[in-house]
């Protein structure tokens, strides 16, 4: 029986060989499943490594670990810090309780410090202003009574150091969020670092300044306030700490720029490196809708530094769920170990004594699986990329001699076949990219966007599978229908791989020419294919053996890109429901999916064409794609989950009052305003919140009133005016009231008039100043220069001022100078002034009607809801 079965197999093989002369060079389709399983297995091994964190040390471990960061001490401080609820700037919890907590904790650290150190502690209170020169919505930020808790550590003996290292974070939180992750984790990490430095028996060469700033969440005013402090002049470099998630590793995503020695210290003194220049470029290109204090210290203050943040799965960032129990002690230990080692090294760094002499180029940097750091200056990157590209091309065309000899054909025959394969591979990759992007468009148009928001695995089916389908199908169809008798099948497959290498080299050269440092992502894949090609040239591309060499050469790149994909997706997926509600959130995720599968799969998919039944694997991929589409339209594909991946809503209870030029009240009304944050705002509440039956779009209100007459929390919210909704409501309860007092006007000269005002109200306010047609702003008290206007309204310039106060509640006086045609009488109107107040600090100000409206939102919704006031006057 067994002999008969073997005979049947042999006869079947003989018949196949008669039909296809390449049969002896093919491999079983099971190879495709085995390779797929190996890639998935490697991915999960990388995931286990990526998600593993060091064991958290407790107070009982202190004696056996002198000088080590103790996570339990930090966690206990976090318990106290978050015990009173949200720390909104300008409120008592932030300005009194938190400031006192920081002060008392630091005083206790000082009391137990080693005598080798001297300390200076103070609470800075500062007024100031700065300008954000955004193209469409520029903003002048004005602050009054901002509080920062600052402490300086210097040697007890000897003169005061001339150079300081600064480490900073913010202690305020957004409204209705406990702020345990953002940035409570970094506050307590800094406190424990300060404690550990204070216990060291040897003083440091440089001073170390710890800055706990109280106004980051409102236009970075706390950081700007510290740049006005007397200690700022001696700051040579800084470490900024922030967070957009509650756990995981902290990523170092901005460094320098131009002071690459900072990366040397990071490389040599950080225990668990996690950084990439690609993250820096993505952040600086605005793909992350956020800013950190790094921007102020670096751009406004002119100091080089390093920017760190927790960014892993930030679904709970700025929500009510960013609470104490979401912050693992292992995260505190990981961050504490890294930053403590870095601070100790930089506090003794000789470069700080003459830092300008160390100014150089930007750096290319990335970690490998969090094991070690690879770092080199960008000029070296240009050389490396050029050498690897040239070597890759030389190896490919040098390999053609060996392949031609193996197949007993001419060199020109191999070159010709190569360019045919290159054309097919280019078409396959282009179609794969197009197919995936079209899928993103279709999913968004069919109301299937964000189906992967919670069920992340759907990204593979929806956006990776279409790319794989195309890059498998191209080589398979060419091999199947374009018969080449004189070139071996395995040679044709190798030429496909070399064609893909040429594509990567072209991308590498283009990105290098454009000075994009993220080109190193392609350097990696080119380097390892070059290495496997060299080995295969040595063994002269021996049949089947070259496959093993090629696959082994892909292990390290696949491992690296698996880690990269985890970082990309864990950072950017949670961002997609708090960005531009008019944009397609699937598009960016599809682009990332394409990039990852391009790097991981395109050196593997041509191998399918060498298999005996390639359409079995092709069918498997198509089936998974179809299943993913089906699942995405079921309840499994619904984006949001309560407490783990919530939908975000901002709802404001508006009190609006519009006055004529003579002071008569023209209109007074109230509304609930719903600001859209993602593509499903407000679709998910239309059928569940009864009041939404009365809701309408703003419509022509934006033509009638300056900036729609909406008290926007940020002027950028105006960009979403076409998709914003509101509905009528009764008036809210407002305490304290907004009091705008007109102090008078006087002629500056025949072409200009000065208007003086006094304003008082809640901690968060803003102004829209809009000269009427024919008039212009010449000067104002908010800054030395009048900045450019934002998006105009009915032909009028619009200048936006964001104003906040800390513990200084005194009235704020300001003036504007309006230019007008000569001889224009002062009795005629020349400007519209809108004054806005936001009541973020007092949850009790919600009316019963407003609370009922908010309570009607589904349990998966995080709703930031508070009253706002707008008063519009003509002067």
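Cβ coordinates come from backbone N, Cα and C, glycine included.
In TrEMBL, annotation is done automatically, which means it is predicted and not curated.
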**Report entry** TrEMBL annotation of transmembrane segment - which of the ranges 493-514, 647-668, 669-690 it falls on
**Finding:** 493-514
Query raised in the report: Between 418-445, 698-725, 726-753, which stretch does TrEMBL give the note transmembrane segment?
Result: 418-445
Query raised in the report: TrEMBL lists transmembrane segment for one of the ranges 332-356, 457-481, 757-781; which is that range?
Result: 457-481
Report summary line: Expected hit for transmembrane segment in TrEMBL across 260-279, 280-299, 300-319, 520-539 is 520-539
Query - Matching range for TrEMBL feature annotation, transmembrane segment, among 235-256, 587-608, 785-806 - result: 587-608
Report summary line: Which range is transmembrane segment per TrEMBL? Of 183-206, 207-230, 615-638, it is 615-638
Query - The annotated transmembrane segment range in TrEMBL, which must be one of 155-182, 379-406 - result: 379-406
Query raised in the report: Are there 3 or more C-beta pairs under 8 Å linking the transmembrane segment (379-406) with the transmembrane segment (587-608), counting only pairs at least 6 apart in sequence?
Result: no
Requested in this report: Test the contact criterion for the transmembrane segment (493-514) and the transmembrane segment (379-406): 3 or more CB pairs under 8 Å, pairs 6 or more apart in sequence, then answer yes or no.
Outcome: yes
Requested in this report: Using a Cβ cut-off of under 8 Å, list the residues of the same chain at least 6 residues beyond the transmembrane segment (520-539) that approach it.
Outcome: 277-278, 364, 366, 381, 384-385, 388-389, 391-392, 395-396, 398-399, 402, 497-498, 501, 504-505, 507-508, 511, 545-546, 549-550, 552-554, 556-557, 560-561, 564, 599, 603
Query - Remote residues contacting the transmembrane segment (615-638) - C-beta distance under 8 A, at least 6 residues beyond either end - result: 29, 32-33, 443, 448, 451-452, 454-455, 458, 460-462, 465-466, 468-469, 472-473, 476, 608
Requested in this report: Grab the pLDDT values for the domain 'Endoplasmic reticulum metallopeptidase 1-like C-terminal' (644-872) and give me their mean, rounded.
Outcome: 93
